[in-house]
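Participant: Structure below; questions to follow.
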Amino acid sequence: MDINFKDSMFRGIYNGKQYHVADISAVLSRAWSAGIDRIIVTGGSLEESKEALAIAESDARLFCTVGVHPTRCKEFDDSGDPEKHFQALVSLAKEGVEKGKVVAIGECGLDYDRLHFCPAEIQKKYFEKQFELAWAMKLPMFLHMRAAAGDFCDILEQNNPRFCSGVAHSFTGSAEDRERLLSFSNLFIGVNGCSLKTAENLDVVKGIPVERMMIETDSPYCEIKNTHAGISYVKSLWPSKKKEKYDPDSTVKGRNEPCLVRQVLEVVAGCKGIVDIDQLSKTIYHNTCRVFFPHDLDSAADALLSGDHDTV
């Protein structure tokens, strides 16, 4: 469902060193060939959200989010005028909605694994503030929750009247965390390679009802690795080469891509014991359209009847 196209890896830069040419067009070509209909480019700061909108405007099948990631929330205070910074987000979101490109507010939420980037109190303050943005825009939310289920769910509960719907993406929590999230009827749980690393992860994913699930890549991160518990369920493979031996017709080893969302689908089907993977795909696609593309849900549903589609 989502991708971080602003990441330098898609410009061929790894840890500050250039290994190959920028290759977003090749990555997109593989995605469309794999049957993906639409891609949501995520914003994690005001500047990143501007970049995400610019990227989304380059192709009719690309969309984006506007928001500030929990680890970047210091940017509100660092700007010197938090309210002015917030209003800049409002203006950008309005512009993107008018262009038909901004489909959610986010990525926002809480990340207590990386408090060295931003203290919990600042994260909580500006997570809550972004509900105001979502409500003003009448948009769903693209949410991030890492090692913070208690505070995350408390804030979501307090702001539920201003929360129309959304997804807690890249879910890696416990069975208890899963149940707390599922208690919000308008919240979906997003699964990617990071959600499928261990046998315990697979057990937790097993308990997410298909009707409340989305799948994603979160590329270039969160690929399914050979050491992951779910790898035995992966059937679809793409040729890959190391970044040092870059080939535009191959994926780059260690860099996730939108086309690989098919592997996430296969692992979810495998761990849940679902044989009809096409029906699983259709249900998850419908979930995604219901939240992010409600205006064309009927046409999307019609499209499902004529073939298989995935949204990353």
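Quick reminder: no glycine exception, Cβ is built from N, Cα and C everywhere.
Caution: TrEMBL annotation is automatic and unverified by curators.
What TrEMBL shows for this protein is this:
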- GLU107, ASP218: divalent metal cation 1 binding site (BINDING)
- HIS144, HIS169: divalent metal cation 2 binding site (BINDING)
Participant: Just the number: how many Å between the Cα atoms of GLU107 (divalent metal cation 1 binding site) and HIS169 (divalent metal cation 2 binding site)?
Facilitator: 9
Participant: Cα-Cα, whole number of Å: HIS169 (divalent metal cation 2 binding site) versus ASP218 (divalent metal cation 1 binding site)?
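Facilitator: Distance between the two Cα atoms comes out at 9 Å.
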Participant: Which ones in the same chain are close to HIS144 (divalent metal cation 2 binding site), with CB under 8 Å and 6+ residues apart in sequence?
Facilitator: HIS69, PRO70, GLY106, GLU107, CYS108, GLY109, LEU110, ASP111, ALA168, HIS169, SER170
Participant: Neighbour count, 10 Å Cβ-Cβ cut-off, for GLU107 (divalent metal cation 1 binding site): what number do you get?
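Facilitator: Total other Cβ atoms inside 10 Å, all chains included: 30.
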